[in-house]
Amino acid sequence: MLLSETAESIKNMEIRGAGRIARAAVEALADYARSLDVSDPAVFRQEMKKAAGILIETRPTAVSLPNAVRSVIRALDEFESVEAAKKAVLSRAAEFIQRSEHAVERIAEIGARHISDGDILLTHCNSEAALGCILEAHRQGKDIEVYATEVRPRGQGLITIRTLNEAGIPTNYIVDSAVRHFINEVDMVFVGADAIAVNGAVVNKIGTAQIALAAHEARTNFIVAAETYKFAPRTILGELIEIEERDPAEVLPREVAEELPYVRVRNPAFDVTPADYIDLIVTEQGAIPPELAFTVIRDYLGWTIEEWR
Ligand code: RUB
């Protein structure tokens, strides 16, 4: 796939979910590097930076995207030849993809430990990290049942229930607004993340924060499954995570909206769940309370306050 095609597929959500987006972007960068026929290392660097910028701009919220892209194109000026720089890009890209896939497997193993026989779980949107935990618990023979939300407006819940059904897991499909109605039947909520701030706040699909609030009120455990590259280093500096607002036509058909000149449709794709409502974040390095987000950023993403003073 060409770089511009990957960028378009991420934008229109043919490729979606923070982990998949990160891997697709890194793959596109590797392909682009391979196809670049230049001899000047400075030109190579410039082209790679441009390509990285195009990919990063596709979806602003998923921090996994810039984290992944930067891990591939970092410090390219250390290389004196295009060949060496290209080699570095290709091996870093392959390493990222392998690490990312391995992380999802580790998260599934660690997350499944928190699920007991007989548990009823609730999940929102379609997260491979969160679903991985649920599928692994089922694979281990635990008798579980799942509530899966519809996920307006794009309906990612349909992908989730197809996967759960295929695995043979008894599943209840509910509209997003039915969460509080059912929350007392649920033992544990499992969701993924697009970004995690230094204060442990989690950015995930719109509606997640409302579910966390209902879970908090009902004293139901709320667990987030996320790779360490979903943590957002720049939040150390107080930078906020941008919440993507998508096309209103996803919510209301354009022809209907045109008849309602006083109505403005708002369509944020994500929301922020404060750390207070989160019991645990399961990463590939272990399960941590949200308060330890800074240590993940420091130890696994290599960012410290000192560096940025
Ligand atoms: C997807 C979404 C997912 C996270 C985590 O939103 O909110 O919960 O991206 O997914 P969208 P994963 O459908 O708008 O991309 O665990 O697969 O990385």
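Keep in mind that glycine also has a Cβ here, set from the backbone N, Cα and C atoms.
Listed in TrEMBL for this protein:
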BINDING   ARG16, GLY17, ALA18, GLY19, ARG59, ASN204, LYS205, LYS230  substrate binding site
ACT_SITE  CYS125  active site, proton acceptor
ACT_SITE  ASP194  active site, proton donor
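Taking the binding-site residues ARG16, ARG59, LYS205, LYS230 in turn and counting surrounding C-beta atoms within 10 angstroms, the largest count is reached at LYS230.
Other than the site residues ARG16, GLY17, ALA18, GLY19, ARG59, ASN204, LYS205, LYS230, same-chain residues with C-beta atoms no more than 8 angstroms from the centre of those residues' C-beta atoms, the substrate site, are ARG20, ILE21, THR61, ALA62, SER64, CYS125, SER127, GLY192, ALA193, ASP194. Listed in sequence order, the binding-site residues among GLY17, ALA18, ASN204, LYS230 whose CB lies under 6 angstroms from an atom of ligand 1 come out as GLY17, ALA18, ASN204. Calculated from their C-alpha atoms, the gap between ARG16 (substrate binding site) and ASP194 (active site, proton donor) amounts to 11 Å. Among the recorded positions listed (ARG59, ASP194, LYS230), ASP194 has its Cα nearest to the Cα of CYS125 (active site, proton acceptor). Of all Cβ atoms in the shown protein chains, 26 besides its own fall within 10 Å of the Cβ of GLY19 (substrate binding site).
The secondary structure of GLY19 (substrate binding site), as reduced to three states from DSSP, is helical. Remark: ASP194 (active site, proton donor) has ALA18, THR61, ALA62, VAL63, SER64, VAL203, ASN204, LYS205, LYS230, PHE270 as non-local neighbours, by Cβ distance under 8 Å and separation of at least 6 in sequence. Annotation note: ASN204 (substrate binding site) sits in a strand segment as assigned by DSSP.
Packing around ASN204 (substrate binding site) is summarised by its Cβ count: 29 other Cβ atoms lie within 10 angstroms of its Cβ, all protein chains included. Spread of the substrate binding residues is 14 Å (greatest Cα-Cα distance among ARG16, GLY17, ALA18, GLY19, ARG59, ASN204, LYS205, LYS230).
Annotation for GLY17 (substrate binding site): same-chain Cβ neighbours under 8 Å, separated by at least 6 residues, are ASN126, SER127, GLU128, GLY192.
When other Cβ atoms within 10 Å of the Cβ of CYS125 (active site, proton acceptor) are tallied across all protein chains shown, the result is 26.
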